[in-house]
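Below is one structure, written out as structure tokens; comments come after it.
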Amino acid sequence: MNNDLCGPPAIPPNARVQTQPADGGGPGFRSAKYECDSGYELFGQETIRCDPVKGWDRELPFCGTNVAYRKPVNQSSATRSGPAGFANDGKPGNQNPDGQECSETQKEASPWWRVDLLTPEAVRVVRITTRGCCGHQPLQDLEIRVGNSSSDLQRNPLCAWYPGTMDEGTTKSFTCARPLIGQYVTVQLVGVESSLSLCEVEVFSNDEFSPDRCAAPNLNADTILTTFAKTCYEFHITRGESFDKARQVCRKHGGDLIHDIRGATTDYIISELERRKADLRTQLVWIGAQKEPGITSRTWKWVNGDTVLKPTWGKDQPNNYNGEQNCVVLDGGRSWLWNDVGCNLDYLNFICQHRPLSCGSPEALVNTTIVGKNFTIGSTISYRCPVGHSLIGDAKRLCQESGVWSGRPPTCKYVDCGPLPPIEHGGIILSEQRTSFDVKATYTCHENYTLIGNENRTCGLEGWSGTDPKCLVDWCPEPPPIQGGSIKVSGRRAGSTAVYACDYGFVLIGEPVLSCGLGGNWTGKTPVCRFVDCGMPARPDRGNLLLVNDSTTVGSMVRYFCDDDYWLVGPQELFCTKDGKWSGNAPACELITCETPHVPPGSYVVGYDYNIHSSIQYHCDPGHILRGEDTLTCLESGHWSGEAPDCEYVDCGPLTPIPFGSHRYLQNTTYLGSEVLYSCANSHRLSGSPKRICMETGLWSDAAPRCEEIRCPEPTFAPHSILSVTGNDRMYGRTLIRTSDVAANSVQTYKIGALAKYRCERGYKIVGEPLITCEENGLWSGEIPECVYVDCQAPPSTRNGKVTLATNATYYGAAALYECDANFKLDGVSRRLCMEDGSWSHETPACVEITCDEPNLSDNLVVDLGSRKVGTSAKFSCAKGRYMIGNGTRTCQNTGVWSGRNPVCKLIDCGRPADIENGRVIVVNDSTVYGGSAEYHCVPHYNRIGPYLRKCMDDGKWSGEEPRCE
């Protein structure tokens, strides 16, 4: 490359470059001009030039898109005409003379304005447009910060500081010293008291999609296209469709209704809808969430099939009105929370969500060249380096469905491996007249020399590949001779072989093949041929051997034999081989053993071992019977003396339950030898054998027993008794009343558990336990009670009262009634009963005289009371200075209560004294009730005639004569 020229320049994301090549079309470039993709704006120098010493002379420009447009904003304060939203509405206010499109704070210390990007963005440039009129104070001491703190502005990193003053009506771009990643961008006048007015604030990042990248062909003109978090959104706010029709519109662009909404995306969509609320046809907007119709399941799913994990339902939603609301809308009347509606509403707005159509222009680092011009989804580009450079990183990148290029751009590194050292007896040929990256070097050798090592080497990142090869001579002399053997030679040039073999009776020691190596030498050590004798073989225990040839040299044979009751394990004959070893391991003589005996189903074998002459015995599992010989013996042939017997399974089967009884299998089985035990239910006894056994015939022994009911006879009656029976047969829950006359002619019996209760005729009491029960032995429990006559005699009388017999009788159960004379009351019970023990119930009552309680007295009330008997009176009076309201006399009544209610004593009030002429009256403490006083005073030059002080008396009048002033 010409030293006055540069290699390919770097290309920032979302940009294209046009280069001016060297004169005559040689390698290298003189200048480069940059242009941004549609929807992106260029910041920095549009054209850069090649400096012969420093390379490209300027920093790489930057292509960014405004990510602050109409995002949520806030400011330290606001005026009526300058809300914060005017600063990012896309309409710079300096273009309007009235200045009504700019934000404005009140005049205050260090005012600020902030935009919430809703998600952290890589911010590179912030561009500010100031107000162009109206005499507002210009911006000065400006600070721009980018970060993730929304509460403490100074915590966020500083992007730019402008200590000077910005002229009115100007637009200035501030570039961060490095890309700052943050969600909040703040503009603040620091340390000054002023009003902050911003007509437009634009925040540029190259990490977000431009809406132009999302624009599909033939897109409806009234469709609003936006991007957020690398996703394209279409707001259809002037047309209405049903849920299915809206999906069809979205699918034309490879997308669907907006779905999988969460976190910052939710905030973004709501802010967009709230800003466009006035333009919407309705306040209901379709989103891509639904549930299957006709299914009661409450599971909602996104249109991509994923389950909705955290739906944000509005108040009283979902209500599934009429059972047909299977689709979801964002409801502006519910703060854009979810509402379920019918899917067939065909007038609702909707939002589409889809990926971009391309990944945009890819990034390239300096000295790399992009090969390929198709940047649509699914396409692939490759990178190429200049001659002599090595590509480090991903050589290819794929435009992914997300609209982002895979991997990272590679770099190109210049590599010069330098000249190679010469090779002795040979030469080097280079593929090109250079020693830099990717050039190849080929080695050659002179005649009768062979190359040892790599014939080709390549210049790579670590220098030349491989190691230096050598050229070595390739002719060898005759191979060394061998005693007792022969040699077969294939040639004497490098790579030829000499194969050694031994005569019969000899064995080769060492490697049989030598090779002619480079340098003229045979590789390896020359082998030798050694005479072979296998030696005397070992004699087996409990056996013997025979040398058939009476020798132990190569080819000799030995034969083996075993004693009685033993057999040979291993080869019977072995041969002496040329390696000086017998052809196999010596056999052994082992005791004859029969195979493991066959065990038929349902049987098992008992025996100590399976050796010759040993016996085994067969047994059957429970429930089986043996058919055949039960004992077998191991013979000299290694086989058993007979066939294994069979065990036949015998099962008597389950038994039918007996009425009022049950049976239990003692071994929980029904096969041969199993036992069954019978038992009866309560109130029944067993008739027959209680146990049966399963026999070889497959039948149960004996006949099934029966369960017979146990019953009690008619109970014995005592004189003067009455019997009631409950819980017998169908009388359960009802009572059967029986007397001795009825029972005498009865043959009635009673079931177990029946209850008989004895009671006595009137005038008799029962002695003994009144209840008996029919028990499981068929007898009534306990002893029969007796009925004895009871008489309590005449009841005792009481003073000042009388007693009467209700039935004119004194036997058991009779009642005695007590009452008192006039003005007396009963202390005790008024009714006593003749008890079963011959005594009257309770204590004898007494008649006590009726009196009234002491009357309750309030303050200043006095009572005159002689006695508290019936008919006496209590007379009430009031203390001095008070008068009575109510009845002054109350009488004690025969109920023990005073008649009427207590009177009340009120203070006497003399009223306010009359004013006097030429003077004044002062009521002391402003009190005119009994004991109060009034002072009389005359105006100057007048004398008082009469008392100075008058008091309120108990007659309700003021004391003395009324004074006068003369």
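Cβ coordinates are placed from backbone N, Cα and C, and glycine is handled just like the others.
TrEMBL: automatically predicted annotations, no manual curation.
Taken verbatim from TrEMBL:
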- Cys36-Cys63: disulfide bond (DISULFID)
- Cys385-Cys412: disulfide bond (DISULFID)
- Cys502-Cys529: disulfide bond (DISULFID)
- Cys562-Cys589: disulfide bond (DISULFID)
- Cys620-Cys647: disulfide bond (DISULFID)
- Cys680-Cys707: disulfide bond (DISULFID)
- Cys760-Cys787: disulfide bond (DISULFID)
- Cys820-Cys847: disulfide bond (DISULFID)
- Cys878-Cys905: disulfide bond (DISULFID)
- Cys938-Cys965: disulfide bond (DISULFID)
- 4-65: domain 'Sushi' (DOMAIN)
- 228-344: domain 'C-type lectin' (DOMAIN)
- 357-414: domain 'Sushi' (DOMAIN)
- 415-473: domain 'Sushi' (DOMAIN)
- 474-531: domain 'Sushi' (DOMAIN)
- 532-591: domain 'Sushi' (DOMAIN)
- 592-649: domain 'Sushi' (DOMAIN)
- 650-709: domain 'Sushi' (DOMAIN)
- 710-789: domain 'Sushi' (DOMAIN)
- 790-849: domain 'Sushi' (DOMAIN)
- 850-907: domain 'Sushi' (DOMAIN)
- 908-966: domain 'Sushi' (DOMAIN)
- 1-30: region 'Disordered' (REGION)
- 74-108: region 'Disordered' (REGION)
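Shown on the structure are the features that TrEMBL records.
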residue : record         : CB count, 10 Å
Cys36   : disulfide bond : 24
Cys385  : disulfide bond : 22
Cys412  : disulfide bond : 24
Cys562  : disulfide bond : 21
Cys707  : disulfide bond : 20
Cys760  : disulfide bond : 23
Cys820  : disulfide bond : 21
Cys905  : disulfide bond : 21
Cys938  : disulfide bond : 18
Cys965  : disulfide bond : 18
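Cα spacing between Cys529 (disulfide bond) and Cys680 (disulfide bond): 100 Å, rounded to the nearest whole number. Less than 8 angstroms from the CB of Cys847 (disulfide bond) sit Thr798, Arg799, Asn800, Gly801, Cys820, Asp821, Phe824, Lys825, Leu826, Asp827, each of them six or more residues away in the same chain.
On its own chain, Cys620 (disulfide bond) has Gly602, Ser603, Leu626, Cys647 as residues at least 6 apart in sequence with a Cβ closer than 8 Å to its own Cβ. In the three-state DSSP assignment, the secondary structure recorded for Cys385 (disulfide bond) is coil. For Cys878 (disulfide bond), the same-chain residues that are 6 or more apart in sequence and have a Cβ closer than 8 Å to its Cβ are Asn860, Leu861, Val862, Met884, Cys905. Long-range Cβ proximity for Cys502 (disulfide bond), meaning a same-chain Cβ under 8 A and a gap of 6 or more residues, is found for Gly484, Gly485, Leu508, Cys529, Lys578. Fewest other C-beta atoms within 10 angstroms, among the disulfide-bonded residues Cys63, Cys589, are seen around Cys589. Within the same chain, residues at least 6 positions away in sequence whose Cβ sits under 8 Å from that of Cys787 (disulfide bond) are Ala718, Pro719, His720, Ser721, Tyr758, Cys760, Glu761, Tyr764, Lys765, Ile766, Val767.
Here the domain 'Sushi' (532-591) has, by DSSP, the following mix of helix, strand and coil residues: 0 helix, 26 strand, 34 coil. Cβ contacts within 10 Å of Cys529 (disulfide bond), excluding its own Cβ and spanning all protein chains shown: 20.
Counting only the Cα atoms, the space from Cys965 (disulfide bond) to Cys412 (disulfide bond) is about 127 angstrom. Long-range Cβ proximity for Cys680 (disulfide bond), meaning a same-chain Cβ under 8 A and a gap of 6 or more residues, is found for Phe660, Gly661, Leu686, Cys707. Each residue in the domain 'Sushi' (592-649) has a pLDDT score, and their mean in this model is 88.
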